[in-house]
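Heads up, the thing below is written out as structure tokens.
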């Protein structure tokens, strides 16, 4: 099973026209589906809001440090809210979540370092010059969309995506270390004679910061795994897993006020940001007036960083969009890669002229959004289908009639302007039909006499559906607007908690990153490798010789070191995206000469293939599990958690290398284990 491939065309505007026509057919339905969801849509909305707002607040504090408060949390929140509203109303793929991301912060730091060192620009014209960079960036994005360049994303394989993810993770950890060290130092521009900056209080602030940073990281990581806790009800575990991280920020912020009263004001150090209505914040909205003050030489020089930023946004935005609409989610509405790049260009232009850092598609919030809507849609469909089945059984309907009633409900709830044919829908329900009829043949003719259990069998055989709509994206963007005006409360958060949140994001992104997994595998001695095979592991562990794994991983480590090293070069570090585009050519022309094609396919697979370490009933993306027959109940979100990586990427479960591998187990298959025999049926 391959990732959806972006279609290309030699005719200008062809991709945009195709995208607009495709999305226009379902635009009205996008709103109807969201409004019909009622208050239930608030669950995925708040879930995505907290997942989106916290990183943006952290990036705002980082920007404030890197640009000497030329930009702050006000601007990052405003950009996220503005771009989120625009995309939810006009975007092609409404499941895509936009926000200010680490690459943008990194680029803006390089641009600030360049402008500060030039008397013609300086801090005064920094944002005006950056606005010209955004103008060039927007023009380049327009050209990419017009000439259908989105198909190039097909050439970016796992090796590029995981190297980029690892680089961001390391930059997060780097920012954590820098932030923790800064807690022991006097901030730039502050009066060193103030009481809070005396040695003993600086040391106290640093130690408190260390406690808060480590405390948040530990509790956030623990709460993230709450669904697998053995105690508590399913609802409680799901709540802690979904909202545990922002909850821990609130808890640790509250604890920061429990310090002794003798501590001077400013210990522990808290978020520093102007309020939206302060004069400092209002000046950013008039940056367009200063653009004429930038000399022509610097206007044309802005094209160089714009080229890097446009390429970075194109890569990041398209990859995130792919992960938000993976085939395994069974989305009904078409993609809009070319049109979304065009719209991104307009948003970059608007943000630049308003003095805001632009927003683009973000990970893992976008696939998290899709996953939360899949859980919500499943709950709605399951509830109605179970009720219908029970009513039919109560009326002593035959098993075939029970199935037909449930089938009708499924078709009715799955209606969309671009819905699949009736035959395709029926094929997806084939396993449910077989379960109903099998029980009828074994136990009786009517639904009541048969062994068919609506609660168990509907839960096991219900296909994945996503509630594709625009309301949740719009609502979470409006909540971000609310966060802008809630800055007086947000400023109560200790800065050390934001450094801890950076560390949490870095650590949480490492599991399921195959580059990281292979790096760890290098340190496992041959006598202990059986331990790796005992747990769930990537398929390459069994299918590729260890020497080839080691060689491929060492190449990645060296290339990663090169990418990370470039980011340390003053000003010129802005060129680091070039290395990721160069990697496309290396992957296509050099690596096939160094590794066998079969090995390279495993090491750089399009999908995350996983082999179970111990025999157990596999969980399917169709939410079917025989565990329920053994009395084990798993909530919908827990099933999807096991099926997705930390990036939101869906896993493909395969048989072990030494097992019977007549075929690969795809998400739409179920393996039924009987009395010692194993058989599989395809939907």
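Yeah, the Cβs are placed from backbone N, Cα and C, and that goes for glycine too.
Annotation comment: Swiss-Prot describes 1-38 (among others) as topological domain 'Cytoplasmic'.
Using DSSP to sort the residues of the topological domain 'Extracellular' (60-80) gives these counts of helix, strand and coil: 15 helix, 0 strand, 6 coil. According to Swiss-Prot, the topological domain 'Extracellular' annotation covers 60-80 (among others), on the basis of sequence analysis.
Annotation comment: Swiss-Prot describes 102-126 (among others) as topological domain 'Cytoplasmic'. The topological domain 'Cytoplasmic' (102-126): residue composition by secondary structure is 16 helix, 0 strand, 9 coil, according to DSSP.
Secondary structure of the topological domain 'Extracellular' (148-158), assigned with DSSP and counted as helix (H, G, I), strand (E, B) and coil, comes to 8 helix, 0 strand, 3 coil. Per Swiss-Prot, the feature topological domain 'Extracellular' maps to 148-158 (among others); the stated evidence is sequence analysis.
As annotated by Swiss-Prot, topological domain 'Cytoplasmic' applies to 180-200 (among others), with the evidence given as sequence analysis. Counting residues 6+ beyond its ends, the topological domain 'Cytoplasmic' (180-200) has Cβ neighbours under 8 Å at 65, 68, 206, 208-210, 213, 264-269, 495-496, 499 in the same chain.
Annotation comment: Swiss-Prot describes 222-238 (among others) as topological domain 'Extracellular'.
Long-range contacts of the topological domain 'Cytoplasmic' (260-294) within the same chain, counting only residues at least 6 positions beyond its ends with a Cβ under 8 Å from a Cβ of the stretch, are 57, 60-61, 64, 69, 71-75, 78, 121, 124-125, 127-129, 131-132, 183, 194-196, 201, 204-205, 208-209, 212, 352-356, 484-485, 487-488, 490-496, 498. For 260-294 (among others), the entry in Swiss-Prot reads topological domain 'Cytoplasmic', with the evidence type sequence analysis.
Taken from Swiss-Prot, the feature topological domain 'Extracellular' covers 316-335 (among others). Assigned with DSSP, the residues of the topological domain 'Extracellular' (316-335) fall into helix, strand and coil as follows: 12 helix, 0 strand, 8 coil.
The topological domain 'Cytoplasmic' feature in Swiss-Prot is assigned to 357-477 (among others); the stated evidence is sequence analysis. On the 0 to 100 pLDDT scale, the topological domain 'Cytoplasmic' (357-477) averages 75 in the predicted structure.
Annotation source Swiss-Prot lists topological domain 'Extracellular' at 499-565 (among others), citing sequence analysis.
Summarising the annotation, Swiss-Prot assigns topological domain 'Cytoplasmic' to 587-683 (among others).
Beyond the transmembrane segment (39-59), the same-chain residues lying 6 or more positions past its ends with a Cβ under 8 Å from any Cβ of the stretch are 73, 76-77, 80, 84, 97, 99-102, 104-105, 242-243, 245-246, 249, 271, 362, 364-365, 368-369, 372-373, 375-376, 379-380, 467, 469, 471-473, 475-476, 479-480, 483, 490, 493, 498, 501-502, 505. Summarising the annotation, Swiss-Prot assigns transmembrane segment to 39-59 (among others).
The transmembrane segment annotation in Swiss-Prot covers 81-101 (among others), and the record cites sequence analysis as its basis. Beyond the ends of the transmembrane segment (81-101), by six or more residues, the same chain brings 19-20, 23, 30, 48, 52, 55-56, 59-60, 316, 320-321, 324-325, 331, 335-337, 339-340, 343, 346-347, 350-351, 354, 356-362, 365-366, 368-370, 373, 466, 468-470, 473-474, 476-478, 480-481, 483-484 to within a C-beta distance below 8 angstroms of the stretch.
Under 8 Å from some Cβ of the transmembrane segment (127-147) lie the Cβ atoms of residues 12-13, 15-16, 70-71, 108, 111, 115, 121, 284, 287-288, 290-291, 293-294, 298-299, 302-303, 305-307, 309-310, 313-314, 338-339, 341-342, 344-346, 348-349, 351-353, 355, 358, all in the same chain and six or more residues away from its ends. Residues or ranges marked as transmembrane segment by Swiss-Prot: 127-147 (among others).
If you look up Swiss-Prot, you'll see 159-179 (among others) marked as transmembrane segment, on the strength of sequence analysis. Remote same-chain partners of the transmembrane segment (159-179), defined as residues 6 or more beyond its termini with a Cβ less than 8 Å from a stretch Cβ, comprise 62, 65, 102-103, 106, 213, 315-316, 319, 363, 495-496, 498-500, 502-503, 505-507, 509-510, 513-516, 556, 559-560, 563-564, 567, 580, 583-584, 587, 604, 647.
Annotation comment: Swiss-Prot describes 201-221 (among others) as transmembrane segment. Long-range neighbours of the transmembrane segment (201-221) within the same chain, counting only residues 6 or more positions beyond its ends whose Cβ lies under 8 Å from a Cβ of the stretch, are 176, 179-180, 183-186, 195, 244-245, 248-249, 251-252, 255-256, 259, 263-264, 266-269, 494-497, 499-501, 503-504, 507-508.
Counting Cβ pairs closer than 8 Å to the transmembrane segment (239-259), the top stretch among 295-315, 336-356, 478-498, 566-586 is 478-498. When Cβ-Cβ distances below 8 Å are used as the criterion, the transmembrane segment (478-498) is approached by residues 45-46, 49, 52-53, 56-58, 61-62, 73-74, 77-78, 80-81, 84-85, 179-180, 183, 208-210, 212-213, 216, 249, 252-253, 256, 268-273, 275-276 of the same chain, each at least six residues removed from its ends.
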